[in-house]
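Engineer: Structure below; questions to follow.
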Amino acid sequence: MASSSTSISLLLFVSFLLLLVNSRAENASSGSDLDEELAFLAAEESKEQSHGGGSYHEEHDQYRDFENYDDLEQGGGEFHHGEHSYEEEPLPTVDEKDVAVLTKDNFTEFVRNNSFAMVEFYAPWCGACQALAPEYAAAATELKGVTALAKIDATEEGDLAQKYEIQGFPTVFLFVDGEMRKTYEGERTKDGIVTWLKKKASPSIHNITTKEEAERVLSAEPKLVLGFLNSLVGSESEELAAASRLEDDLSFYQTASPDIAKLFEIETQVKRPALVLLKKEEEKLARFDGNFTKTAIAEFVSANKVPLVINFTREGASLIFENAVKNQLILFATANESEKHLPTLREVAKSFKGKFVFVYVQMDNEDYGEAVSGFFGVTGTAPKVLVYTGNEDMRKFILDGELTVKNIKTLAEDFLADKLKPFYKSDPLPENNDGDVKVIVGNNFDEIVLDESKDVLLEIYAPWCGHCQSFEPIYNKLGKYLKGIDSLVVAKMDGTSNEHPRAKADGFPTILFFPGGNKSFDPITVDVDRTVVELYKFLKKHASIPFKLEKPATPEPVISTKKADEKIEGDSSKDEL
């Protein structure tokens, strides 16, 4: 009896101690558990490195190749995401007294109050920006009173940098009457900047008062705008001049003479003001029929100055990407097939001026055809037509049917009416997707990544990307450590062959985090050192569903039940004695 009481007392005491210890552990778990998990991961990483492994921390690759289509619009650049570790050298002092410093608070007022304003987006660490600084400052001083020059630290003013889609440093824009009109791509010297800006700010409308002048202009100009006005001075002329500043890549002329207007195919009895755009192309003449305001004139010129269909070449790319119209209707065809389908596309283009930029991509052109076709997921040699919404959201809508005028018009109309379902590139669904890192393709993105019950970490990579290859073993180890956590998915997607509107990559690799229960919001860009420990810390901080690392069980000395019983009985006998 005494032995039994002692055993029960001992068991109750042990149970009390266990409850006390567990209670204290629960109260301290938020800090100590994480410390313990990070210590475990750090130790595991240390073991790996001692066997030839190592951590990886490099900057993102940029879209620099021709086949990335987006690069044709942005023009590449020197902008890299990520942290920058370097030793700063003292920079020469630059007198920037005439360069305005802009922030989100004074930006809008500055560009509105200056008819011509050049604005540089820069980063303090950018060597090319540092080299440009003295030239830019000298140009600002020389142009004082003619054009205003300013700069914006894009690393501090992220909202402005995002609004203007800054992809490289330095990026320099020209604003005219408060609107961004041009990207400066000239020489980064004082003289280059001054010459370019003086040309932009010079009088942009020319009078024609004689037939000799008219004939010379018609012979020399590949395309031009002529306004037939009641007077060469006054409000009509001012509106035309303002429009010419917005569309400064072709010449604007004005006349008040009916005889001269007739040479430009304007009938003498027409109501003034009248305006035409003439081109030495298949479509020679476009007549303006809107309100005679700078905005309406500029929109008319923008819609009509380009060919009905633009051949996609390096030279033609600027006509596509610098156009105010972002929607593109694109024909993909081989050289042999183009003769059959280009007239059809031109006929459709006449009905949708100002709504689409019409583009022809020669699929069998060795310089760009295969690369651009691959970007859009167009395979084979059969001709295809699709609508592309531009690089902002990159949606594509493919015509399913014969390439007839009626079908292409219906595609365009249904797109404008928002009746179409977008097409996204996708690799085939993986046959087996039970690995530590889930494979995401376009067609399973919604099912896995947008599952509200899961926190999802997604790497977007490119097979050819050296940084991605270096990062792969680190990412795989993270997936291995986290595989047993049901609420968390570690995943990867080949960004060159798969697309989704929620998976936008600024470079390769891009790492995005999609918190559970918040999939309707934009994902969080993961900008930490690419090590297992730092990625794990990020997940612990941002996961909507708390989790704990499941570490391998460590062997501990265990006393068998039989020996424990013997020990208790022995102790009891000793107590009885």
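Yeah, the Cβs are placed from backbone N, Cα and C, and that goes for glycine too.
Curation does not apply to TrEMBL; its annotations are automatic.
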Engineer: Between 51-71, 72-92, I'd like to know which one TrEMBL lists as region 'Disordered'.
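Structural biologist: Based on what TrEMBL states, region 'Disordered' spans 72-92.
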Engineer: Between CYS129 (disulfide bond) and CYS468 (disulfide bond), what C-alpha distance do you get in Å?
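Structural biologist: It is 28 Å, counting Cα to Cα.
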Engineer: Of these disulfide-bonded residues, CYS126, CYS465, CYS468, which scores lowest on Cβ atoms within 10 Å?
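Structural biologist: Checked CYS126, CYS465, CYS468; of these disulfide-bonded residues, fewest Cβ neighbours within 10 Å: CYS465.
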Engineer: Measure from the CA atom of CYS126 (disulfide bond) to the CA atom of CYS468 (disulfide bond) and give the result in Å, rounded to a whole number.
Structural biologist: 24
Engineer: If you draw a 10 Å sphere around the Cβ of CYS129 (disulfide bond), how many other Cβ atoms fall inside it, taking every protein chain shown into account?
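Structural biologist: Result for CYS129 (disulfide bond): 22 neighbouring Cβ atoms inside 10 Å.
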Engineer: Using C-alpha atoms only, work out the spacing between CYS126 (disulfide bond) and CYS465 (disulfide bond) and round it to an integer in Å.
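Structural biologist: Rounded to a whole number, the Cα-Cα distance is 23 Å.
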